[in-house]
Each structure stands twice: as C-alpha cells, then as structure tokens.
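Everything below concerns the one structure shown next.
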Amino acid sequence: MRMESLADRLDACQEKLLDLYEKDSNKLEDQILHWHYVRLENAMLFKARQAGLTRVGHQMVPTLSVTKGKAHKAIEVHLSLQGLQTSAYAHEPWTLQTTSLEMWNTQPQRCWKKKGRRLTVKFDGEDHKAVEYVSWGYIYVQSTETDLWYKVPGKVSYKGLYYEMEGQEHYYVTFAQEAQKYGETGKWEVHMGNTVIYEPCASVSSTQDAVREVSTAETAGHLRDNTTQTTTTPTCVGPTQTSTSVQTPPHKRQRLHRDREQQPDTTQKDNHKRVDSTDQWINGHRNSTETGDNCDSYSSPVIHLKGDPNKLKCFRYRLQHSVPELFDKASSTWHWAGGQSTTRAAFVTLWYVNVEQRKQFLNRVTIPKGIQATAGYMSMCI
C-alpha cells in the first residue's frame, strides 16, 4: 500500500510537469511552479531509494547519490527563482529554456542569462585554433551581501568575458587561461561580428584597446574606391625614407614630378592588375609608353595606411606580432613635410613581396575603422 501511494503521488507530480511543458509559458510564476514539481519529484525518488526501493511503479529509481544530487540542484534553482520573483525583473519573459538547469550551470554559473551571442577567439591568430564562446547581453546576478538582484550587461575585452557589479569586474572566461589549452604563443584575437579586438598596444592610449573593424568585403571595396580616387597615376615612386617625417631632397622631388608628367592618366585602368615588365626606366625616367600599373623590376606592391598616428602605431604593432608573414616590411609613421598638403594625418606604408602576398593580407586582415588604406606600387631600389 505504501509503495502504491508513493507511485500515485509520483505519477501526479509528473502529470503536473507534463502540463507545464505543454503550456510552454513565459511567466516566472509558471517556471517557479515547474521547479517546485521537479524538486518534489527528486525528493520522492531520493526517499524511495533511501528506503531500498529500486522501482516505483514502472519507473526505475536512480542511485542514492544521483537522486540526492538532482534534489539539491532542484532546491537551489527553485530558491533562486523565488528570490528573482521579488525583484524588479519578475515581469520580464522567463521561459523553460531561460530558467533551465543548463542555463543555471552555464558560465557565469549560479546566475541567469539572456540574449547570448556567439564570438570567436582565434588563438595564435590561426583559423584552425578558433574557439567559440557565448557573450551574454544581460546577466541577472544576486548580491551575496544584500540578496538583491542586479541586471547587468555582459561585456567583452581582450582579457575575457565579464560583467561589472557594484564597481567590480567579474571575469567568468579568461582568455589567457584558455590560451594555455588552445594556443602556443599566448596571443589571440577576439572576433565578434565585424568587431575584432587585438592585443592592447602598451605604447598607445587605452582608448585604442578595442578598435571596431570593417569586414573583409568592405575593406576590399574601400581599397578599390580609394585607389581609383586618390591614385590616378599609380607610379613607381622613388625611394622613401622610414623616419617619422619623410623629407625628400629637392632634386629628387623634381625627378618624381617629371616622372609623373610623362605617365598617362590611369583613372580608367584597372589599378589592381600588374603586368610584368623589363627595363621600363630609360636614363632615370619612366618610359612614357608604359601605362597603368606597369612598374619596373624594382617596384613592389604596397598599401599606404592613413589615419591617426597612435592608431596607426597600434595597428602596425598588432600586425607585426600577429601576422608578420603577411607582409615584407612596415615603415615607421611618416607625414608629408612639404608641398601643398595641409593634412595632419600620418601614414604607415606596408611593402609586400608580390601581389599574391598583398591579396592574402587583404583576405585575412581587416582594416580598423578610422584608417584609410590605399593600394599601389613603390620603387624598392633601396
């Protein structure tokens, strides 16, 4: 009779759970009721196993340790939701999924999370070492001191995933620890949509720690636009200096001026197509019969980066430490020191071994917002 009574009570409890599953409510009071019955179900199974029963009706009774562990978890979640019901967030939508045990145990543990979005961390900057994580839009945390509930936004930095509460940062995923498992160099990149967070540059203001990136497709389009508009004559420019300020001797500036006068307008040409050529320079001047991007054997494909000096320095630092194999040389930050240019913008020039290397660079690297990139060719006889 005792076993039959226990079986009836267990059946009634499980019927209530089925009703709640079918209801699929988004109200917190229904989720509290759900966990009340889960708690009751596990308590009955625990008592049955404690009494030596291995079956109640048609249901097998798990081991004592399993039923005890499930009962404790159900009590923990049930009490948490009861506390949440007294907060200002009780009338928000709460579903079976958002109040599940899996959600409770997901990092950050012992709190509730909503609006998760995936991000990818590329350890050592390599695609095959990419690991996905979830950054939460909102995290509901109960203060251990006051028992009050706080709704705080989830945040992402180069260091990891965290939230701030009562003036303190709480990291629940630390990428440095993850790098020990998935990487070798101790470096990584955080990719979140069109945003990429690189390693902060110590020599640059902290405001540059996280730079919003533009997608590769947008970067390529931007490069094409800039090349057409700003490099109407992608000439093989003479040697450039790598000091902070580029100052060319007067006679060399005159030579460059003569070279440009002898080149035809190439605004209607494909500025990205390079044709191999032999001796295109005659007595120090470029052969005027050559058109487009036909440069002499000393020319190399380059990209000129234009923008704020600090941002350029930081970006160059990141490139040198994350993808040094994707370019040949990088200049120091330089400025125009003469002529009619009044801009205060700085430049960094990247040299490439060949066009294919530059293409690989553009396919893998996104140009930060605020930095303008222009492709072209420069003489490398230095």
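Just so you know, glycine gets a Cβ as well, placed from its N, Cα and C.
Taken straight from Swiss-Prot:
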REGION    1-204  region 'Transactivation domain'
REGION    213-294  region 'Disordered'
COMPBIAS  227-249  compositional bias 'Low complexity'
COMPBIAS  258-277  compositional bias 'Basic and acidic residues'
COMPBIAS  278-294  compositional bias 'Polar residues'
REGION    299-382  region 'DNA-binding domain'
CROSSLNK  Lys306  SUMO cross-link
Secondary structure tally of the region 'DNA-binding domain' (299-382) (DSSP, helix then strand then coil): 27 helix, 28 strand, 29 coil
In the chain carrying Lys306 (SUMO cross-link), residues 6 or more apart in sequence that have Cβ under 8 angstroms from it: Ala345, Ala346, Phe347, Ile371, Gln372, Ala373, Thr374
Integer average pLDDT (0 to 100) for the region 'DNA-binding domain' (299-382): 85
